[in-house]
Amino acid sequence: MSAMSRPSPIIAPSLLAADFGRLREEVAAVERAGAHWLHLDVMDGHFVPNISFGALVLNALRPHTRLAFDVHLMIAPADPYLADFAKAGADHITVHAEAGPHLHRSLQTIRALGLKAGVAINPATPAEAVRHVLDLVDIVNVMTVNPGFGGQSFLAGQLPKIAELRRMVTEAGRDIRIETDGGIDAASAPRALEAGADVLIAGSAIFGKPDYAAAIAALGTGD
Ligand SMILES: O=C(CO)[C@@H](O)[C@H](O)COP(=O)(O)O
Ligand SMILES: [Fe+2]
């Protein structure tokens, strides 16, 4: 699809790259700058080698923004915490296919909580891993870095997987968003969109820039 005919992507700034001493202001700033969703990376120091923040931070931010909270759980197991994140204000909860032990059950639980359900897959995980849960998901998150840290380089080898997932989603005939997560900047964004992603998650490429609105515009248009 050409850039001309492609619909505008959803832009989801990743809070992981924000100034943690000024989270409320940072969220307000990306909302003013035109962000569509806020991506919240929850890390447990076990499933991934880093610890970020948990439901208390979502709860504290929830009254201060209308942005949808797109919560990316990099925790294992996730199930004992799903209700906490729902209560704290998550709109979407994404769990990793690799986090186990029962992906199908985790997705059922998220839906039963009344939220949009997402599945994320690591770079080494094939697209096929999500085929049998496509009837339960609203979002597929394709990790374009190894999860755990912001500021890593985009793994272009994941582009064929994004394209394969786009074909699978089209065949499934369901309205499922495909996120590309990690290393997204003005150079990689158009490649991910061309492959079939429709949600761009970006931390450093937005919060690392002085002008958030310009940074968001640069991702959406590839300028
Ligand atoms: O889930 C993750 C990392 O595990 C991402 O959401 C990153 O936070 C994206 O950061 P950048 O690569 O855009 O800096
Ligand atoms: Fe993420």
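Positions of Cβ are set from backbone N, Cα and C atoms, glycine also.
What TrEMBL lists as substrate binding site is SER14, HIS72, GLY148, PHE149, GLY150, GLY151, ASP181, GLY182, GLY183, GLY203, SER204. Sequence annotations record features per position, and here TrEMBL assigns divalent metal cation binding site to HIS39, ASP41, HIS72, ASP181. Per TrEMBL, active site, proton acceptor is recorded for ASP41. Here TrEMBL flags ASP181 as active site, proton donor.
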Q. Which residues in the same chain, at least 6 apart in sequence, have a Cβ under 8 Å from the Cβ of HIS39 (divalent metal cation binding site)?
A. ALA12, PRO13, SER14, LEU15, ASP70, HIS72, ASP181, ILE201, GLY203
Q. Which entry in the list of binding-site residues, ASP41, ASP181, has its Cβ near the fewest other Cβ atoms, using 10 Å as the limit?
A. ASP41
Q. Given the substrate site residues SER14, HIS72, GLY148, PHE149, GLY150, GLY151, ASP181, GLY182, GLY183, GLY203, SER204, which other residues of that chain have a Cβ within 8 Å of the mean position of their Cβ atoms, reported in sequence order?
A. LEU16, ALA17, ASP41, VAL145, GLN152, ILE201
**Q.** Integer Cα-Cα distance in angstrom, GLY148 (substrate binding site) to ASP41 (divalent metal cation binding site)
**A.** 9
Q. How long is the line from the C-alpha of ASP41 (divalent metal cation binding site) to the C-alpha of SER204 (substrate binding site), rounded to the nearest angstrom?
A. 13
Q | In three-state DSSP terms, the structure that ASP181 (substrate binding site) belongs to | A | strand
Q) Just how spread out is the substrate site if you go by the largest Cα to Cα distance in Å among SER14, HIS72, GLY148, PHE149, GLY150, GLY151, ASP181, GLY182, GLY183, GLY203, SER204? A) 17
Q | Cβ neighbours within the same chain of GLY150 (substrate binding site) - under 8 Å, at least six residues apart | A | SER14, LEU16, ALA17, ASP41, GLY203, SER204
Q) Secondary structure at HIS39 (divalent metal cation binding site) (DSSP, helix/strand/coil)? A) strand
Q.
I'd like to know which of the binding-site residues listed (ASP41, HIS72, ASP181, GLY183) lie near ligand 2, counting only a CB under 6 Å away.
A. ASP41, HIS72, ASP181
Q. Are there residues of the same chain, six or more positions away from GLY183 (substrate binding site), whose CB falls under 8 angstroms from its CB, and which are they?
A. THR144, VAL145, GLN152, SER153, PHE154, LEU155
